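J.: The following feature annotations were taken from TrEMBL:
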type	residues	note
TRANSMEM	7-29	transmembrane segment
TRANSMEM	35-60	transmembrane segment
TRANSMEM	72-98	transmembrane segment
TRANSMEM	162-184	transmembrane segment
TRANSMEM	190-208	transmembrane segment
TRANSMEM	281-304	transmembrane segment
TRANSMEM	310-331	transmembrane segment
Amino acid sequence: MNRFSSYSLLFTLQWIKTALLFLLMILFPSLSTNVVALFIFIFFISLCSGWSAPLLYSILPRLTRKEKLVKVNSIFSFSTQIAQAAAYSFTSVIVLLIGATSTLMLNNILMIFGCVALHVSLRSIHNERVIEPSSSKGTALLEGWKLLFQNPSLRIVTCMDLIETFAGTIWIGAITMAYVTTVLHKGEEWWGYINTSYYVGTLIGGILAWKMSTYIQNNLIRSMAIGSLMFSILTFLYGMTSSGFIALFLCVLMGPCYQIRDISQTTVLQSSVAPTLLSKIYTAHGALLSTASGLSMLSVGIITDLFGVRTIYIIAAFLILCSACLSFSLLKYHKTDQKDISM
């Protein structure tokens with residue numbers, strides 16, 4: 001990342017991903033009978049996506065003024081949620097209507113439009129200067145990790161994200177299905193209702209965060225703390241209720257709390273270091289969260305089997321409460337040292 005501009009690297013990765021998807025479309029009849037080859041294609045496509053994510057988030061602060069960062073993050077989060085909701089809702093229907101190959105063709109067309117839109121939107125940083133690194137390759141690789149743990153704000157936010165990653169595993173399909181059948185005593189269709197209600201809540205949360213962007217920008221740490229605290233309470237109530245309709249209502253309420261907390265944390269992270277260092281920060285941050293996610297999936301499954309599904313929601317609520325307490329400690333820290341982030 002030191003040797004190439006963020007724009008060039010992100011743009012190249014998106015075109016590589018598009019080319020891989022195009023090859024997948026052409027070779028799909030053969031790959032559909034060769035699972036190993038299909039998984040290899042999916043692996044490299046996912047690798048491009050994983051590499052692009054930290055670059056994309058690191059570019060956002062360069063495109064807007066610092067005081068508008070919450071609003072930009074809110075719009076970005078809202079548009080992402082809309083796209084994901086549409087994809088999850090309509091992809092299976094489109095495949096049934098036009099077939100897998102035609103769906104891949106449609107996906108490739110959208111990817112090409114996306115690459116063109118990326119070029120147009122990032123022209124302002126297209127000619128950014130790339131400073132050649134004077135340090136060794138090993139030092140450059142560790143730079144993001146050092147920043148992540150040496151900067152107090154980044155260290156606390158990362159700990160919060162790790163805790164919330166473990167807690168967030170309660171929303172994987174297997175746990176939700178167990179909750180629906182053993183706690184709510186409902187049919188499998190309620191798994192879809194719960195997912196839909198949560199998405200509705202996150203969409204409402206994105207709009208709410210956009211409308212409240214000025215307040216959140218001026219009260220980042222408080223917004224993060226209150227969002228985490230409310231999310232913890234709602235998660236506990238969700239785990240304890242046996243009413244399907246109350247569960248749906250709680251899911252809708254969780255959405256705004258999650259969005260406000262998540263947007264605040266993202267903005268704190270983006271504001272804690274220079275924009276040119278964010279890609280390294282996000283790379284290390286993403287690696288930690290991916291590892292935590294894998295471990296938490298294993299842990300959640302074991303705990304659910306041993307103690308029941310209600311227990312896992314109580315544990316998750318407690319973990320999110322711990323995250324809220326950490327954010328309050330960040331607030332206390334910034335009362336004496338407000339160099340980087342607005343209160």
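Cβ atoms here come from the backbone N, Cα and C positions, even for glycine.
Can you tell me where each of these features sits in this structure?
T.: Residues 1, 6-7, 9-10, 13-14, 16-17, 20-21, 23-24, 27, 69, 72-73, 76, 122, 125, 266, 270, 275, 278-279, 281-283, 285-286, 290 of the same chain lie 6 or more positions beyond the ends of the transmembrane segment (35-60) yet place their CB under 8 Å from a CB of it.
Non-local neighbours of the transmembrane segment (190-208) in the same chain are 74-75, 77-78, 81-82, 84-85, 171, 173, 176-177, 180, 184, 244, 247-249, 251-260; each lies 6+ residues outside the stretch with a CB under 8 Å from one of its CB atoms.
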J.: Kindly say whether the transmembrane segment (310-331) and the transmembrane segment (162-184) touch, using the definition of 3 or more Cβ pairs under 8 Å where each pair is 6 or more positions apart.
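T.: Yes, the transmembrane segment (310-331) and the transmembrane segment (162-184) are in contact.
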J.: Residues of the same chain, at least six outside the transmembrane segment (281-304), with any C-beta under 8 angstroms of its C-beta?
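T.: Residues 1, 50, 53-55, 57-58, 144-145, 147-148, 154, 158, 161-162, 165-166, 168-170, 172, 174-175, 178, 269, 273, 311-312, 315.
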